[in-house]
Amino acid sequence: MAPTKIQQITADLALLFVAFVWGITFVVVKEALTEIGPYYFLAIRFTVAFLFLALICWRSTLRVNRANLTAGFVIGLALFGGYAFQTVALQHTTAANAGFITGLSVVLVPLFVAGLTRTLPSPLAVLGVACATIGLGLLAVQGDFTVGYGDFLVFCCALCFATHIILVGRYAPCLDPVLLAIIQIGTVAFISFLIAPVLESFPVTLAPSVQIALLATAIPATALAFLIQNKAQKFTSPTHTAVIFTMEPVFAGLAAWLWGGETLEIRQWIGGAVIVLGMLITVWKTAETVPCSAAPLPVTRGSSAVGDKHRLERVLSQK
């Protein structure tokens, strides 16, 4: 049964809310990292999200098996890499730069897909990559023509998120996506707790800024984001999802300017805009290649429902 107009609008607004939450969390997390180490922050954030999702979706946990555990752990490794690089990077770069450069994961996917399928990327994908590369240069290259350490880490984050997209695209068609979400979130929490004591001091108390950041990221930006998308993707098209999610770096830049007190040069604003343009160019064509009715599985951050080459290409529309 085709979704009604009201259902489509509601779904689009829900996805826009998710993009907004993801965008503003860059500023919140950056401020919190002045009071807590990045790995303990990730450990607490993802533990809370894991427990929340496991409680809300407890029926899914009853279906756990070796296949789900293995796939969820592998996907969780890529997810951990993405968030670890991103969170550490926020100690060395601006929230605006982190938001825009993280968005490059959408543009990197067609290159990964081309390598996996041994095909040439489409002309639009090449154009999108070119735009994103130019935007990255404008945004990250400093006056002495060097790339900041934090911006480099965020680029590594984008590589990990692009890998995450491919991995979930590989496993989501044959496994429970909600269970995969729970396991991969638990994996991030587990690895973070293993690494944190080696590199950081245990936070005896949590400063107010840390508490606010954990409340904003653990439930809304991690656990609820998965649940909202699981519902919303049933009523809106991949094209809408792709376009809406390109707003995440825009929200990050605006939040950094309005609330974080960050000031970007005109060159950097242009660079961010060119990156968003590259994202839109990259996802638009691909999002139209598969109708929404052919994609019943929900989309999460870095996820898609693809089995063969044709469906794999649709990951471009799902950050």
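Even glycines carry a Cβ here, placed using N, Cα and C.
Helix, strand and coil residue tallies for the domain 'EamA' (11-139), in that order: 108 helix, 0 strand, 21 coil [DSSP]. The domain 'EamA' feature in TrEMBL is assigned to 11-139 (among others).
Secondary structure of the domain 'EamA' (149-283) per DSSP (helix as H, G, I; strand as E, B; remaining residues coil): 112 helix, 0 strand, 23 coil. Among the features that TrEMBL reports, domain 'EamA' is placed at 149-283 (among others).
Beyond the transmembrane segment (12-33), the same-chain residues lying 6 or more positions past its ends with a Cβ under 8 Å from any Cβ of the stretch are 41, 87, 90-91, 94-96, 98-99, 207, 209-210, 212-214, 216-217, 220-221, 225, 228-229, 231-232, 236, 240-241, 244-245, 247-252, 254-256, 259-260, 301. Feature annotation from TrEMBL assigns transmembrane segment to 12-33 (among others).
Sequence annotations record features per position, and here TrEMBL assigns transmembrane segment to 39-58 (among others). Proximity of distant same-chain residues to the transmembrane segment (39-58), defined by a Cβ-Cβ separation under 8 Å and at least 6 residues beyond the stretch ends, is recorded for 29, 32-33, 80, 83-84, 87, 178-179, 181-182, 185-186, 188-189, 192-193, 195-196, 199-200, 202-203, 210, 213-214, 217-219, 222-223, 226-227.
Annotated transmembrane segment per TrEMBL: 70-89 (among others), in sequence order.
Note on the transmembrane segment (95-117): residues 23, 26-27, 29-30, 82, 86, 89, 125, 128-129, 132, 135-136, 139-140, 148, 150-151, 154-155, 157-159, 161-166, 242, 245-246, 248-249, 251-253, 255-257, 260, 262, 264, 268, 271-272, 275-276, 278-279, 282-283, 286, 302, 309, 312-313, 315-316, 319 of its chain, located 6 or more positions outside it, place their CB under 8 angstroms from a CB of the stretch. For 95-117 (among others), the entry in TrEMBL reads transmembrane segment.
Sequence-distant contacts of the transmembrane segment (124-141) (same chain, six or more residues past either end, CB-CB distance under 8 Å): 97, 100-101, 104, 107-108, 110-111, 114, 147-148, 151-152, 155, 267-268, 270-286, 316. Marked as transmembrane segment by TrEMBL: 124-141 (among others).
As annotated by TrEMBL, transmembrane segment applies to 147-167 (among others).
Residues annotated as transmembrane segment in TrEMBL: 179-199 (among others).
The transmembrane segment annotation in TrEMBL covers 205-228 (among others). Note on the transmembrane segment (205-228): residues 14-15, 17-18, 21-22, 24-25, 28-29, 31-32, 34-36, 41, 44-46, 48-50, 52-53, 56-57, 178, 181, 185, 300-301 of its chain, located 6 or more positions outside it, place their CB under 8 angstroms from a CB of the stretch.
Annotation source TrEMBL lists transmembrane segment at 240-260 (among others).
The transmembrane segment feature in TrEMBL is assigned to 266-284 (among others). Within the same chain, residues 96-97, 100-101, 103-104, 106-107, 109-110, 124-125, 127-140, 239, 242-243, 246, 249-250, 253, 316-317 sit at least 6 positions outside the transmembrane segment (266-284) and bring their C-beta atoms closer than 8 Å to a C-beta of that stretch.
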